[in-house]
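J.: One structure, as structure tokens, below. Some questions next.
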């Protein structure tokens, strides 16, 4: 009735049933982020680079607008007067703006390298740390844990390989994306209100949520979708069949296991078809909203120019800043679309880490 494991008496009548699944705890985002504390230096560098990256997207609209305005004014003047000096001035102006573009491109290259490097290093170190924690927690569990339904060898090894990678989606590069989103939006508002038209900016802000939703949809569609959750059961079956290949061959279970495996693959197939349909609709919505925004801005902006309220340059600054901000924010927000699956994976990892087995093999020598 009693065991002396771990140098203390254990009453087996008081042990919980192995069929009882342990509760999944609530995991705070700060607990996950706290695991990256040793990489604080990388975090600071990544945040700084993300801020500059956020400013660059709407900021470049000022240069583009300046080029368009210069081309319009100087070429119109040339067609009216036929003076070569207007074309020479246009050439000089565009050449200087092209040099600015080269400088901005070099700066963005450096900033992007720093941003990606810093957050990728954090992500890889966090992945390793989480996977080690998960594995150490698994090997110290008592035998009853492995008798729980769903805790087969294949399922546990699949979880070990995928959960840590999913958690990193919200604790690695996503932190930089959030910073980038904030600075992009602020920069777009400053440029639109300060250097553009406040009337047109207010109109653009009314349709901005739809633009952002369309850009997010496009970002998610380009980023793709993984079906690793749907493949857990089929992966578990394949692992068990391969590990016990002799038993399968001895009892002639090849056909039965193959049929069962085909049935389990139907789940990710259906999910993939559904995701393809959704992605197609989101892509169409994104493209449609972009053209709707152009139509509204050019119509209302044309009215304001006709009334003499704004200039062509002010209209283009507002249009370019808001549109480029929406596209940049949508691409960045696409990385935040897997938050739910990441938090679910984190809860599953910490449910094992926080589980205290009655017979803890890691304390045998204590």
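Sequential numbering from 1, following the chain as shown.
Yeah, the Cβs are placed from backbone N, Cα and C, and that goes for glycine too.
Just so you know, TrEMBL annotations never went through curation; they're auto-generated.
Marked as domain 'ABC transmembrane type-1' by TrEMBL: 44-341. The annotation transmembrane segment is assigned in TrEMBL to 41-68, 98-119, 178-195, 201-217, 280-300, 320-337.
Map the listed features onto the structure and describe their local environment.
T.: Outside the transmembrane segment (41-68), and at least 6 residues removed from its termini, the chain residues within Cβ reach (under 8 Å) are 93-94, 97, 100-101, 104, 107-108, 111-112, 114-115, 118-119, 121-122, 175-177, 179-184, 186-188, 191, 195, 313, 316-317, 320-322, 324-325, 327-328.
Long-range Cβ contacts of the transmembrane segment (178-195) within its own chain (Cβ-Cβ under 8 Å, at least 6 residues beyond either end) map to 47, 50-51, 53-55, 57-59, 61-62, 201, 204, 314, 317-318, 321-322, 324-325, 328-329, 332-333, 336.
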